[in-house]
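**Student:** Okay, handing you the structure first.
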Amino acid sequence: MCRCAPLPDGTPANPFAAAVFDDCVYSAHELASVVFGWISIACWFIASYPQIRLSLLLKRADCISSVLLFLWVSGDISNLSSLIILRQPLTQTIMGGLWMFLDSTLTAVTLYYKQKHRGKQLPEIDVKYMGRVRKSEIVIYTVFFAGCLASFLCYSVPVTTYIQRVPEMFGECIVPPELSHTSARYIIGSVLAYVTLPLYCFSGLLQVIKNCRSKNTEDLSPGFFAVIFTANAMQTISLFTFSQEQEYLLRTTPYIIAAIFPMIMDFTILVQIRYYNTKYQKARRRAEPDTQEYDGTGSGLTGSDISADGPADPLVL
């Protein structure tokens, strides 16, 4: 926490942003940008959990593309490096670190199950039943959310009050100097920032293509892509609300594109999950009477059985 000096014209900094986020903001739109940025961070913090949870419950991760995860992690490394080099706002830097950590965890889980099941015929499972949220989980999530909210309020309210009434208790916030556009630091950071564009943009596109080819999305978590969509939306709003100056918008163009295009891909994937899962459930219900007549097991089709081109290998990227 820190104390922000007022602007030369006497405009005071927002005490809440300074106390809680260590950011010096002097206007309502800057405060809104900080809040949206932290909402995005919160979304990214939990984004990978739905997919990791579903993969662990099903003990498989066939539908998610390994190439997508590789591009994500590569983009995360490049993105975090550029954020640090260009001295971007704290919210963006923390988000970059979270992207890399959580995507690396998801990649490790996915590659483990892909390697474990490589070349094997997986048995049919009821994904909807096995992936359902239990009542005990709901209780845990509710308690966790309530605890986080209570902790935030217990910290932010007193600290904001102290920084208003006793500002001398806090040190002054350090504002990093602007980088020269001709400096090596700025050039390297900008190059790394633009490198993330094809990595992030094509990763979602590859997942869309994989879904179209396999016509199977049964072990993809809708919650995973829904939270990512929300995180990208909040990040986009945060970037646009911080400033509308041309120089700022040009400098943050890589981050804006890297949020908007994946957001479109995430929405497309959500539509695919809805479409293919509904189609699979209908095909399974139609097949159950015939299957029971022949073998009495009542087993249905797998997701790949409804492919127009015949059975597909679920491990194909």
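Quick reminder: no glycine exception, Cβ is built from N, Cα and C everywhere.
TrEMBL: automatically predicted annotations, no manual curation.
What TrEMBL records for this protein is below:
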type	residues	note
TRANSMEM	31-52	transmembrane segment
TRANSMEM	64-86	transmembrane segment
TRANSMEM	92-113	transmembrane segment
TRANSMEM	138-163	transmembrane segment
TRANSMEM	183-202	transmembrane segment
TRANSMEM	223-243	transmembrane segment
TRANSMEM	255-276	transmembrane segment
REGION	286-317	region 'Disordered'
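Each of these features: where is it, how hidden is it, and who are its neighbours?
**Tutor:** Long-range contacts of the transmembrane segment (31-52) within its own chain (CB-CB distance under 8 A, at least 6 residues past either end) are made by residues 14, 16-17, 21, 23, 25, 64, 89, 91-92, 94-95, 98-99, 102-103, 105-106, 109, 220-224, 227-228, 230-232, 234-235, 237-239, 241-243.
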**Student:** Count the CB pairs under 8 A between the transmembrane segment (183-202) and each of 64-86, 223-243, 255-276, then give me the winner.
**Tutor:** 64-86
**Student:** For the transmembrane segment (64-86), find every same-chain residue at least 6 residues outside the stretch whose CB is under 8 Å from a CB in it, and list them.
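**Tutor:** Result: 51, 92-93, 96-97, 99-100, 103-104, 106-107, 110-111, 114, 179, 185-186, 188-193, 195-196, 199-200, 202-204, 206-207, 210, 219-220, 254, 258, 317.
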